[in-house]
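These features come from TrEMBL:
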type: ACT_SITE; residues: Asp264; note: active site, proton donor
type: ACT_SITE; residues: His437; note: active site, proton acceptor
type: BINDING; residues: Gly116, Asp118, Asp515; note: Ca(2+) binding site
type: BINDING; residues: His141, His143, Asp145, His146, His210, Asp232, His459; note: Zn(2+) binding site
type: BINDING; residues: Ser301, Thr302, Asn303, His433, Thr434, Ser435, Gly436, His437; note: substrate binding site
type: COMPBIAS; residues: 1-16; note: compositional bias 'Polar residues'
type: DOMAIN; residues: 88-284; note: domain 'Metallo-beta-lactamase'
type: REGION; residues: 1-37; note: region 'Disordered'
Amino acid sequence: MIKKSNYNSAKSGQSKKPTRFGVNKKTSRLAPYGHNKTPDKDKLDAAIAGVSGQTGAVHSLTPINTSGYTSSRQNLRIIPMGGIEEVGENMTILEYGNDLIIVDMGLAFPDETMPGIDYIIPDTKWLQLNKHRIRGVIITHGHLDHIGAIPYIMPKIGDPPIYTMALTAGFIKKRMEEFGLLQRTKINVFKKDDTLALGNFKMRFFGLNHNIPDSIGLSIQTPVGQIMYATDWKFDHTPADGRPSEFQKIAQFASEGVLLLMSDSTNATKPGYCMSERELGQTINRLFSDLKGRIIFASFSTNISRVQQVFNSAAKFNKKVVVTGRSLVNNIEIALSLGYLKIQPKIIIKSEAAKKLPDNQVVILTTGSQGEEAAGLARIARNDHKSIKIKKGDTAIVSASPIPGNERAVASVLSNLTRLGAHVIYSKILDIHTSGHAHQEELKLMMALVKPKYFMPIHGEHHMIVTHAELAKSMGIPDPNIFVLDNGQILEVNSARQAKIVEDPKVTTGYVFIDGLGIGDVGEVVIRDRQVMAKDGMFVIIMTLDRRSGKLINQPDIISRGFIYMKGNDDLIREVKHEVRKICDSKTKEKLEPNWAYLRNVIRDDIGEFLYQRTERRPMILPVVIEI
Ligand SMILES: [Zn+2]
Ligand SMILES: [Zn+2]
């Protein structure tokens, strides 16, 4: 079932698209595993063997080919199922022997080419077929692009156990509860210094900064070497939660030799360093001290670091906080109950109580920094929030830069706020947003610390990943050791620690669309239909035909939606009816059995062309035949 590959063969470039970094270079990826010796390897191997024994893992030994290269199950396979061709839907599978582990299970938000779609999740057909081999799911942190797909995917893959840190576990539990799946979910909480053995994989963890506490990187010991997986991260020496990245652990794991580093590319195109959260805290302090009216502060509901800073600044300047937005209220409750958020007692008040306070003592903390229609900020901006109405003197602070695709929605929310009389402070005017993702200098520092043999940039659109690959090259990682993959491509490493990109036709990837209650029932065809209808509308032609002769009995009926307004286009409609009649007559005059499917096709094509000639629009044409 697994494609055999021979690393000595010249056809190393199997990838169908020319996306691999340095694809024109056919240099072999044969560099022997040299400087990266693992001192504790024997001990680890023993531990790993023991664990495999426990889980009953079967190592199928496939024949050795002439180059001495063992194929299939003796190779480590790393399969990114999502997150390397887009921002979001992060999910990576690691496979060795009979064991699979999954790292993260996220969702992505649709772009403007996907009308009506709520979320996108990775395709899991292959995983479903291999669910008996899944040893566990490791979740690196609580953002939706890492946990969002869990309720959709887990029931399909046999609900394998989840392993994660406490805050992330809290977020996952809440989400599973909302989906009615909490009972069947097995969530195991670990601490940063714990180790975890799942089949052939033995894991240790290192703390990373991000804009949510409990973001962890993974050191994964595999039979072929150590992998370091740096999920969304940045280095912040003065973060809001007071816990900087665990540099000494990263260095310690690195000293054992690192086969492969996988690292976040979200900000790979941004030079310099990410601003520290402490500086951002000072900016918020300055705003809170200067602004005289009420403050409406919008942030991501999962951005617990930012929420903490808002509470800090509010306390400092004697302000009370009204929290609005269900997800924000939930997440604050979870973070408070687990001790990840420290706030003054009674600082949170109800909106009714806020009305009795002077304006300069009120902060309204809300969701909707991405312009989401249903979120607090958009409702406030539309003036249909149940308890909060904008008044003159209010200042709205939007603390996030828009995810690509959300710019228009954000802009319209901001404009609505200013129309209602609020003053708006946005990241473009004042850098109120510090990203949760490392900039170039931090990315380089990580590479310098880890000194991996191989490098695979992850998390980002293709151009970000390629930029990250170029940075790696500038750091001295040889071109052939850098791997830029597409979703579903596989990085395979053999027992001689040689790596290459392969493809397995059985590993299917692609977007699974979530629309309302439907998971995956909206496919590309439906999306294409929606695109056509959204662009030029829809044109329905209803023809009542005689069953035997195929002749039109009545005038055809026309329904137009989103294409032209029929009342103002009598002439065009009359012409279309005439054309339809002509086509029907000409196609049914042969004394053959009427073929409705054929007739519908001709109508669709000919009327489509006719309408295009007249209007230069291409509505979706739906010919309907009623036979009597
Ligand atoms: Zn994140
Ligand atoms: Zn992420």
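Quick reminder: no glycine exception, Cβ is built from N, Cα and C everywhere.
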Review point. Taking just the CA atoms, what is the gap between Gly436 (substrate binding site) and His143 (Zn(2+) binding site) in Å?
Key: 11
Exercise for review: Rounded to the nearest Å, what's the C-alpha distance separating His143 (Zn(2+) binding site) and Ser301 (substrate binding site)? Just drop the number here, would you?
Suggested key: 9
**Study point:** Residues near Gly116 (Ca(2+) binding site) in space but at least six apart in sequence (CB under 8 A)
**Key:** Asp515, Val522, Arg530
Check your understanding: Given the Ca(2+) site residues Gly116, Asp118, Asp515, which other residues of that chain have a Cβ within 8 Å of the mean position of their Cβ atoms, reported in sequence order?
Key -> Pro110, Met114, Ile117, Tyr119, Phe513, Ile514, Gly516, Gly518, Val522
Practice item. Quick one: of the recorded positions His143, Asp232, Asp264, Thr302, Ser435, His459, flag those whose CB is under 6 Å from ligand 1, and say none if nothing qualifies. Key: His143, Asp232
**Study point:** Mean per-residue pLDDT computed across the domain 'Metallo-beta-lactamase' (88-284)
**Key:** 94
Revision key, fill the gap. Checking the binding-site residues Thr302, Asn303, Ser435 against the residue listed as 'active site, proton donor' with a 10 Å Cα-Cα cut-off, in sequence order, leaves none
Practice item. Could you check which of the recorded positions His141, His143, Asp232, Asp264, Gly436, His437 have their CB within less than 6 A of ligand 2? Key: His143, Asp232
Revision key, fill the gap. Asn303 (substrate binding site) to His146 (Zn(2+) binding site), Cα to Cα, whole Å, comes out at 14
**Study point:** 10 Å Cα neighbourhood of Ser301 (substrate binding site): matching binding-site residues from His141, Asp145, Asp232, His459
**Key:** none
